[in-house]
Amino acid sequence: MADLTCTTPFLLYPSLVIILFFYSINHHNQIFSSVVDDDPSCRLSSSPQAVFSSFRIFPFRSSSSCLNITSNNNSTSEVVVVEEVDEAVERIEEGLAMARAAIRKAGEKNLRRDRDRTNNSDVGVVSNGSVYLNAFTFHQSHKEMEKRFKIWTYREGEAPLFHKGPLNNIYAIEGQFMDEIENGNSRFKAASPEEATVFYIPVGIVNIIRFVYRPYTSYARDRLQNIVKDYISLISNRYPYWNRSRGADHFFLSCHDWAPDVSAVDPELYKHFIRALCNANSSEGFTPMRDVSLPEINIPHSQLGFVHTGEPPQNRKLLAFFAGGSHGDVRKILFQHWKEKDKDVLVYENLPKTMNYTKMMDKAKFCLCPSGWEVASPRIVESLYSGCVPVIIADYYVLPFSDVLNWKTFSVHIPISKMPDIKKILEAITEEEYLNMQRRVLEVRKHFVINRPSKPYDMLHMIMHSIWLRRLNVRIPLSQ
C-alpha cells in the first residue's frame, strides 16, 4: 500500500496567501491518504489499443477492485454520505455505458457506409471532407456529451488564485474556460456534485505566478506545486469524490508553460489526474491517454471569435512564411537555415515595417509553425484563421483534438531534423494536394474559434469533448 500525503504546512506560505486566498483551508488541513491497490490488473493501462479506433480511446478499467479508496475517518457534516455517493455513481456510470454503446453503434454504421458507399448526410455539421478520423463516431460522441456531460467546479478558494484567469492574450484559454463554466450559462455546469461527470479544480496558474511569485526572485516551482497540492488535500478531506477515483475524474486546465510542472512534485498523487495543457510534450510526461492537449490561442481585446477569410488559393503566390522571435532551439535552427535567405520561403525574426503580419499569412500557401520555448505555438490557430495550411515544426507534440481530427489532411508536419529541407518538402506537394488541404483548413477552423457562450463544435466544446473522452475511459467502482 502507498499513502499519498502532503507534507508542506500552510504556515510556510506568505501571510498574503493565507489571509486572502485560503481562509477556509486552516479548518480542514488534515492530510488525506488513499489506499492504492497494487494489483497489476488495477493499474491504468498504458496500452495504446483503442476501444473506439476513431478516438484512440484506451481500454476501460472494469475490475471491481480497481480504484479502491478508503474512506476518510475524520468525516464532517460537509462530507457526502457514501450510500448517496454510490447511488450517484451508479446512475452516472449507467449513463456513460449507454453513451459508449451508442458511440460503438455509430462506428459500426460508419463501417457499413464505407462498404456501401452511401453518404453521411445525417452527420450534419461534421459531415463534409475527411478532416475527421471518423465523422460518425465523433458526431455521436458529441451528442452524448451534450446529453450527459456535467462539470462540477469546487467552490473552495478565492480569486485571484482560484476561480479567475486571463480572458485575453496568450494564456486566455484558461480564463475563458473557467469563466464559461463558472459564470456563464453553460449546459455543462452541474447543479450539484452528485450529478457531476467530472470535477474541475479551478486553480488559476497564471494568477498564482503573477501574484505569488512577484517580484521574481526565484523560478522554483515549489510554491505553485504546494498551493495546488494543498488544495487537493482540502477537497479530498472534505468530500469523497477525489478519493473514490484517485483523481481520475478530476481535471485542471492551463496554458501556462509552468502548468505541467504542477504534478512533478508528487507523480503518484497525480497519476490518474487529467491535465489539460497547451504544452502537450510527450517527451516531458504528457500522456495522451490521460491528458488533454489544448490549442494555444492569442486572444486580442475585443476580438473574441475573430476569423478572417484571407486570400483565395489562386492569390496565394508565396510558398511559405514565418515571422517571430528567436525563442528556443527550434527557431534558432530555423533562422540558421532560412532567415531572410529565400524569396519563396520568407522567414523573419523582425518583420520589416513595410510588411503586415496578418496580410503576409493571408498571401502564403503554407505558414511555418515552429515550436518556441515549448512545443505549442499560437501560430497554428493563426494559420487556420488565415486560411493558410499550417506547417508544424516540432517533435513530441501531441496536437489538439487529435482524438477526432485527422491532422494529416489539413496540415504538414516537418520534423526538426528536416528543417533544411523545408522548401523541398513543400514544393513536392502537388497543387491538387494543396487545394485539398486548404479547403480542409477552412472546414476545420470552426473547431478553433471561441464563442461566448460556447456553441456546439467550437473550441470550448472541443476542449470539453476531449475531457469527456478521458472520462469515458474511466469506470468508478461502488464502495465495497
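Numbering starts at 1 and runs along the chain as it is shown here.
Even glycines carry a Cβ here, placed using N, Cα and C.
According to Swiss-Prot, the feature N-linked glycosylation site maps to ASN68 (among others).
Positions annotated as N-linked glycosylation site by Swiss-Prot, on the basis of sequence analysis: ASN74 (among others).
Feature annotation from Swiss-Prot assigns N-linked glycosylation site to ASN119 (among others).
The feature N-linked glycosylation site is assigned by Swiss-Prot to ASN128 (among others), with sequence analysis given as support.
According to Swiss-Prot, the N-linked glycosylation site annotation covers ASN243 (among others).
Residues or ranges marked as N-linked glycosylation site in Swiss-Prot (evidence: sequence analysis): ASN281 (among others). Counting every protein chain shown, the Cβ of ASN281 (N-linked glycosylation site) has 20 other Cβ atoms within 10 Å.
Sequence-distant neighbours of ASN356 (N-linked glycosylation site): no residue of the same chain at least 6 apart has a C-beta under 8 Å from its C-beta. Secondary structure from DSSP puts ASN356 (N-linked glycosylation site) in coil. Feature annotation from Swiss-Prot assigns N-linked glycosylation site to ASN356 (among others).
Confidence for the topological domain 'Cytoplasmic' (1-4), expressed as mean pLDDT, is 39. Residues or ranges marked as topological domain 'Cytoplasmic' by Swiss-Prot: 1-4.
Taken from Swiss-Prot, the feature topological domain 'Lumenal' covers 26-480.
The feature transmembrane segment is assigned by Swiss-Prot to 5-25.
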Distance, ASN281 (N-linked glycosylation site) to ASN243 (N-linked glycosylation site) (CA atoms, angstrom): 28
Other CB atoms within 10 A, centred on ASN243 (N-linked glycosylation site): 21
Where ASN281 (N-linked glycosylation site) sits in the secondary structure, as DSSP reduces it to three classes: strand
